[in-house]
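Everything below concerns the one structure shown next.
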Amino acid sequence: QKPILLQGHERSITQIKYNREGDLLFTVAKDPVSAAGPARVPSPGENRHNGAGVHQSWDTRHVLTGSADNSCRLWDCETGKQLALVKTSSAVRTCGFDFGGNIIMFSTDKQMGYQCFVSFFDLRDPSQIENNEPYMKIPCSDSKITSAVWGPLGEFIIAGHESGELNQFSAKVREQLSNIKEHTKQINDIQTSRDMTMFITASKDNTAKLFDCTTLEHLKTFRTERPVNSAALSPIFDHVVLGGGQEAMDVTTTSTRIGKFEARFFHLAFEEEFGRVKGHFGPINSVAFHPDGKSYSSGGEDGYVRIHYFDPQYFEFEFEA
């Protein structure tokens, strides 16, 4: 089946996310526009700052964006109106809501003489935003955070670092709960399973790895010949999709075949690759399964988002297997 091709950005996509119901797809890019829309139709929810990360509340009322313009912003999803602005000393790399939609976290880069921090704000206390005073701020002096997600029950966040380390940071008290290092290079993306028991990481060391959310136990490894920029877990099958490619600065010197810009599918249990999907003219920077598992989307360095619906044979094969 031909994919739905979305062109809402002029520069490379940095992250894509579905909301809980799957009727909206949020995209952020290196251009000054972040958009949310059903399929091809852009919504009024566009904002004018370069997006590095995006996350929506569980009821899709609010959207949180982090940017290289040294800010984290809260938006009304329906109207696109900016509700809050938190200014930072360096670029915001990651951001996210807890499950109740009351607490937000974001991490800032280690740059311009400033160290990396994870900040937590409680939206039920407006003074925290107004005074730019988070209820908790945790420094990360060794290596900056490059990806982060909330863990089960919102008690901690799971953070991946430029060094390849993984941490659990408590959202209640100012401490690091655990630390492991299974990757040898930067962790580009972290995504959890639907039931929040597992998460998958994507790394520049050419692998994606599966972990237990609570213990950080390493469970599986999916190997490729190129940097992995993003990885996602199917909500209905034991399948994994990986997206990546060579470094963007080297793309113009090679063909799309050599650059390996396909989305690659692996079996979760057997760690074996069983399919590839071509289409992007540059590295894939973000992948996401639709919540119903019947399609997936990919956002690339070429500025396009491609929505692929699986053929009926995909489901017949899995059920037979």
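A Cβ is built for glycine as well, from the same backbone N, Cα and C atoms used for every other residue.
Among the residue ranges 34-55, 122-143, the one that TrEMBL annotates as region 'Disordered' is 34-55. Only residues 6 or more beyond the boundaries of the repeat 'WD' (277-307), in the same chain, are considered here, and those with a CB under 8 A from a CB of the stretch are 3-18, 20-22, 25, 27, 29, 31, 39, 189, 191, 194, 227, 229-237, 241-248, 251, 256, 259, 261-263, 265.
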